[in-house]
Amino acid sequence: MADKVLKGKRKQFINSVGMGTVNGLLDELFEKNVLNQEEMERVKCENATVMDKARALIDSVLRKGPRACQIFICHICEEDTHLAETLGLSSSPQSGNSQNTTDSEVAFPPLPASVNNMPGPAEPEESVDALKLCPHENFVKLCKQRAEEIYPIKERKDRTRLALIICNTTFDHLSLRKGADLDVAGMRRLLTDLGYSVHIKEELTAKDMESELRAFAARPEHKSSDSTFLVFMSHGILSGICGTKYSAEGDPDVLAYDTIFQIFNNRNCLSLKDKPKVIIVQACRGENLGELLISDSPAAPMDSTSQMGSSLSQVGDNLEDDAIYKVHVEKDFIAFCSSTPHHVSWRDVNKGSLFITQLITCFQKYSWCFHLEEVFRKVQQSFEKPNVRAQMPTIERLSMTRYFYLFPGH
């Protein structure tokens, strides 16, 4: 089938296609009623690079089924013979285009037994880098069996989910964050697939970041939403996220983590009361390497435990303050940071950050059957054995009182 053929060629297409062919495909797919005007404009306007446009285009077509994929393949074969030869494509539906599909499937291992043993249907069949959708029977079963334990989600036709990505790449006094564009593109695609309207803000000072957060918290769409995601990508220190003017010697241009929680708590953002607020942070939190050589010495590193003690003290203080309110000031939050306090996070300049890459992969593989905390735990497990560079993602400031299932596809 043409859809299976195209899945096998996806990565090669993204890396090989030119802008002229992308535009030609968009026109062809629009004329053949495969894409509507809005979908065509979204590919053109919401993606900065040719690769991003190509990725958005082929993913849209794959979701449309075999007929759409065959139109896509035929256009390439007729209008860009060099690309067709590079991809090994033929316009004949009966051709042996799918040879590499098997190779692609073989190259990636099946899901772990823990996933395959989950009750309900077998794992949905999706391409290895596509979001697996939750089968309807799983969705209905979980909603009935765990109604009192999970956060309710709104109907797709009624909800207006929003997500915000803030990414700083270029700084006045700090190094360029090469590869950050890959993180932004990957997270935007993931959150869009999960049903969120994604807003992206880049190159901001701490003051600008705070202003954008306050404006985002005030958006009326949150009233008819069931959750939100806040994603931060920047240089960072222990206390917060660096703005573009940060200087260790001079300008303390830092957005404090506390500020983020204050803006979205129940005192300041009632529209998101009792709704999951997910904070993702890709940033260093210090300068220490996240690895050490174990010896027989009884001495133990103290930085993480001292941080834990500080956190416990803050929690105790918060409980006393919260007692005077009828609702908790801070609830339904979860923060997932790319490293433990005082330690660095690693980024591949050609592939993006290790944390965001694994985060996207685990969402794609597991969010159809696992709740959010379990998905995050899968990310942590992928870092459990230190590789060339060590870091350990950390769940922090967790105040969610229920399980948050994303139910992709619903």
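Numbers here mean position along the shown chain, with the first residue as 1.
Using the three backbone atoms N, Cα and C, a Cβ is placed for every residue, glycine included.
Proximity of His235 (active site) to non-local residues of its own chain (separation of 6 or more, Cβ distance below 8 Å) is seen for Asn168, Phe171, Leu174, Ser175, Arg177, Ile241, Cys242, Tyr246, Ala283, Cys284, given in sequence order. Positions annotated as active site by Swiss-Prot: His235 (among others).
Residues or ranges marked as active site by Swiss-Prot on the basis of similarity to another entry: Cys284 (among others).
The feature compositional bias 'Polar residues' is assigned by Swiss-Prot to 88-104.
Taken from Swiss-Prot, the feature domain 'CARD' covers 1-91, and the record attributes it to sequence analysis.
The region 'Disordered' annotation in Swiss-Prot covers 88-125.
Per-class residue totals from DSSP over the domain 'CARD' (1-91), listed helix then strand then coil: 73 helix, 0 strand, 18 coil.
Counting every protein chain shown, 22 other Cβ atoms lie within 10 Å of the Cβ of Cys284 (active site).
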